[in-house]
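Taking it in order: structure first as structure tokens, then the write-up.
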């Protein structure tokens, strides 16, 4: 028996099938050409994977024949045998007529094929309809990749059509099409053919097989030369807001990873035909790890599969390419997968990457968290600060703090360890002292500004001549300092807007303090211009700058938790409740003012003021004002008095239709003074209750921005001196060298997870060299307080700065050993003996 696609040529004892009879040959049957062997399934394993048969049992697509039976058939001269498989009864053997048998071939009609007929056959899984396709192509000297067999709009081929029309996970026309393409020397072109339209551009049969989660077809395509680096970069596969589509990183490996198919991922990376490049990037520079971060959506199920796949690919990459730092690769925006998770607000993926601790010895260098020691519920962890601290470009802290206000989970991400403790460390060691000093300087500036404004000259036109008196010297000095402060705030605002380029929403949500300081500086500069242009209106600009200057004092409340949260609530109520109230109120005010001013007539009853209007102006030096209210401005002022409860229903008598006039005023009072004001009060109370926790997180974000701004104002040498953490040895690199990391120690308490699965543990808990020089933190929720544990000490790193100058920093080695085995409940009896607690 000769199995179709098998490499052996042994005979078969089974009789041939009726529909597999070969065409007769001229001359001696023994001299006929040997049938060509297709190579769709080069191994028995691949053949059985697709059809469930092996060499021991004839598969449904095998062809059986005996050479001796060919003599009974009439013979004509034909070209070599080509076998075309049938779905039900096994393959039939079709032959292309040679040029010497044109007369014999003309007696039989040649079946014609076009794109529509081929597409219908593959869509219906109809192999019988395609039995003569190879003969037709060879006769007409055409290929399946010719333009007449493609969709003119999308470039779709018959193979892509077959891949899109699977029946129970398979389509028997696919191996048939591949064999036909092999016989016509177009196999590589057919397998790697892709869509050409702008929407699905670049999608190949391999992409479709992966998307359909069909391991057998993926294997078949890769065995036959499918390009594992083909990029699907059509509009459907791009991340575009408001447009349907699915971004997965363009490459087949990324598609398998983003659709949670670990088996296909391993096959693409480890197959012997064409292994995929694990570090390959798409058109925007994203690797497979970047693509996983992009598809994360912060839901529980999605985060679970993304983090699991991320971990598997990271470990697999380390085993295949030990020296490759896959997680350190950046995209075209300069973002690593960690920075991308922070930029896009993927808090679940961010927390996993920051707190990843791998126990396998050969992959432990991939960890970013190392458990130094554990004692009961107490854990001392070392966090790798690479890509986190501000010493590096596009650090996680900068990405989160300076990201857009539309970034989801922006405030919550700063609560993830070690970010939370790292910011607190920076604040406690040096930032708060600088911040309080700046607060003092600003208070002094505002006092000088206020004094200079209060004692301004009032006689004559500016600029005023200097009187050589002590008071005038102090006044002019105060004015100069006030102007210099305005110039400083102006250029600081320009620098902020150029660096951050905030959107309009970000400007009002996150940058309101910077915007107010900038407006204050504009009023101050306007004051200077008007002053030297001989306009007394400079006073108006000056008082606006003065008022905004004292209002901006709220910026420094972020240095105090309670006051900072209170300031955030004020901001939120202004932007949310008060803005909506003012919009509705102005509509009512303008509408009723136009109605009232229409009723008022000038000159009517002017000579007869009423007693109710006169009694308000009795007294020495008082006189009745002009009783004309036939202007929108004066009417709006009177109606505003009704809003605050100071209005008079008889503020004028110059109107017709008194009943209509009174009804308008009463309706206005009910809608504004009674309804709108009380609604505003109720909404403010509800806002305070709703945003209490949110306000605390916003305050922490504001303080984080202040910390980073203060750090950025330092010189480079000063940044290194005040850097948090220590350089520690945490293990060994894959090439056997010492693995030094800049680490930050955080001590935690966890009453649910004990030290049964700790991979790295120190023999002497809490007695580590350098722990006295590294901050231990007082963690209020689930953390160890440095004041409550004996061997913990809080020594500011500022004290270390001078020591570092005198003694160059040397890498500090922390001896970490593997905790072999795991503790079981029944092993707890061992610890009743103090000796069982370990070596001391």
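Here the Cβ of each residue, glycine as well, is placed from N, Cα and C on the backbone.
Keep in mind that this is a model prediction, so the values were computed, not measured.
These come from Swiss-Prot:
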type	residues	note
REGION	1-43	region 'Disordered'
REPEAT	286-322	repeat 'ANK 5'
REPEAT	336-359	repeat 'ANK 6'
MOD_RES	371	phosphothreonine
TRANSMEM	434-455	transmembrane segment
TRANSMEM	474-498	transmembrane segment
TRANSMEM	512-533	transmembrane segment
TRANSMEM	537-557	transmembrane segment
TRANSMEM	561-599	transmembrane segment
CARBOHYD	605	N-linked glycosylation site
BINDING	645	Na(+) 1 binding site
BINDING	648	Ca(2+) binding site
TRANSMEM	658-684	transmembrane segment
REGION	686-714	region 'AD'
MOD_RES	706	phosphothreonine
REGION	769-803	region 'Interaction with calmodulin'
REGION	779-794	region 'Required for PIP2-mediated channel inhibition'
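Here the features listed in Swiss-Prot are painted onto the structure.
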residue	record	Cβ within 10 Å
371	phosphothreonine	22
645	Na(+) 1 binding site	9
648	Ca(2+) binding site	13
706	phosphothreonine	22
Could you state the whole-number distance in Å separating the C-alpha atoms of residue 371 (phosphothreonine) and residue 706 (phosphothreonine)?
31
Counts of helix, strand and coil residues, the repeat 'ANK 5' (286-322), according to DSSP:
29 helix, 0 strand, 8 coil
How many helix, strand and coil residues does the region 'AD' (686-714) contain under DSSP?
26 helix, 0 strand, 3 coil
Specify the secondary structure state of residue 645 (Na(+) 1 binding site) as given by DSSP, simplified to three classes.
coil
Which whole-number value in Å describes the distance between the Cα atoms of residue 706 (phosphothreonine) and residue 648 (Ca(2+) binding site)?
50
May I ask for the residues of the chain that lie six or more residues beyond the transmembrane segment (658-684) and have a Cβ under 8 Å from a Cβ within it?
573, 577-578, 580-581, 584-585, 588-589, 592, 595-596, 599, 639, 642-645, 647, 649
Given a Cβ distance threshold of under 8 angstroms, which distant residues of the chain, six or more beyond its ends, lie next to the transmembrane segment (434-455)?
471, 475, 478-479, 481-482, 485, 542-543, 546, 549-550, 553, 556, 559, 706, 710
